Amino acid sequence: MRIGRKSPKKEKRAMTVSLYGNLLFVVLELIMAIVTSSQAVLLDAVYDGIEFCMLLPSVFLIPLLYQPSNEKYPFGHMQLETVFVVIKGITMSAVTIGMISNSINILFHGGHRVAFGVLAWFELAGMLISIIVALYLKRKNRTLNSPIIETEMQGWKIDSVISMGMTLAFFLPILVPFEWFQKLTPYLDSILAIVLSLIMLPEPIGTVVSGIRDLLLISPDEETIQEIRETVEPELKDCNYSELYFEVVKTGRKLWISAYIKLEKDELSVRRFKMYQNRCIAALAQKYTDFYFELLPEIEFDEEEIRQLTEENVEDDGI
């Protein structure tokens, strides 16, 4: 049975807010990077530019994700979302590594000075806007449980933390007017860009690893499997079984859960079996918003009987 909340319009609306927010940041950061020649701000601008380029098609992808599965697409179009997230993660990882290399090159060539005061106030404003957008997406995603929105929300959270760090760093030359520190200011921007890149890098790499696992239909992490087991097992306590195991696959935002149960008795009414399945679905729906669940009896096959039937079929074909 499939469980899922159909709210593509709400999801698209939330993504549109993030889209316009990204566009605003890209334009302002590019202007500021050109005016001040700041590598740190340029990193932010390039990062947000990639976010925007990847976010634009994802807005049009959302309605496709809500189309039901069929014989041609047994898993629906959920894999498209995973492919999209993997491409985005690879692109952002490559850009971040490129920015680290460029900043190191500038350090070895004596660094450069930037307008720290202007940049500090700019980043402070950016931090406040990022916090507002992140809170908005968090509120919207409480009911949607969308991986795309979750990814965007995490991006805005990281942006707010990065902007806060850049604000403090750019205020340092003003707050610490000592001569010994002023000698270090030409290197401050490049050092900041490297530190920010190293902070950013784990997230896109983690996204790629997780996405590839989903594309290869590898089971989710052990924590998810254990949570599913702890949710389902209590609902089957009245059902006499000797063995229960799970096959779980994740495609995009959707979990596909198959629970195989080996019964101690040879017979179980379809009505009672359906009742147990409904109990499991109701329990899982308290924790997951988009999933498919099926409870299946584990039927042992008799090798000798199968061999005899195969031989009979061969003999019938030969007549």
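Glycine residues also receive a Cβ, built from the backbone N, Cα and C atoms like all the rest.
Curation does not apply to TrEMBL; its annotations are automatic.
Taken verbatim from TrEMBL:
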type: DOMAIN; residues: 16-216; note: domain 'Cation efflux protein transmembrane'
type: TRANSMEM; residues: 20-43; note: transmembrane segment
type: TRANSMEM; residues: 49-66; note: transmembrane segment
type: TRANSMEM; residues: 86-108; note: transmembrane segment
type: TRANSMEM; residues: 114-137; note: transmembrane segment
type: TRANSMEM; residues: 158-178; note: transmembrane segment
type: TRANSMEM; residues: 190-212; note: transmembrane segment
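Counting residues 6+ beyond its ends, the transmembrane segment (20-43) has Cβ neighbours under 8 Å at 49, 51-52, 55, 96, 99, 102-103, 106, 112, 114-115, 118-119, 122-123, 126, 129, 133, 156, 159, 166, 169, 189-190, 192-193, 196-197 in the same chain.
Long-range neighbours of the transmembrane segment (86-108) within the same chain, counting only residues 6 or more positions beyond its ends whose Cβ lies under 8 Å from a Cβ of the stretch, are 39, 42-43, 46-47, 50-51, 54, 151, 187, 190-191, 193-194, 197-198, 200-201, 204-208, 211-212, 215. Counting same-chain residues at least six beyond the ends of the transmembrane segment (190-212), those with a Cβ under 8 angstroms from any Cβ of the stretch are 39-40, 42-44, 47, 82-83, 85-86, 88-90, 92-93, 96-97, 99-100, 103-104, 106-107, 111-112, 151, 154, 158, 161-162, 165-166, 169. Within its own chain, the transmembrane segment (114-137) has Cβ neighbours under 8 Å at 14, 17-18, 21, 24-25, 28-29, 32, 35-38, 40-41, 44, 149, 152-153, 156-157, 159-160, 163-164, 166-167, 170-174, 185, 188-189, counting only residues six or more beyond its boundaries.
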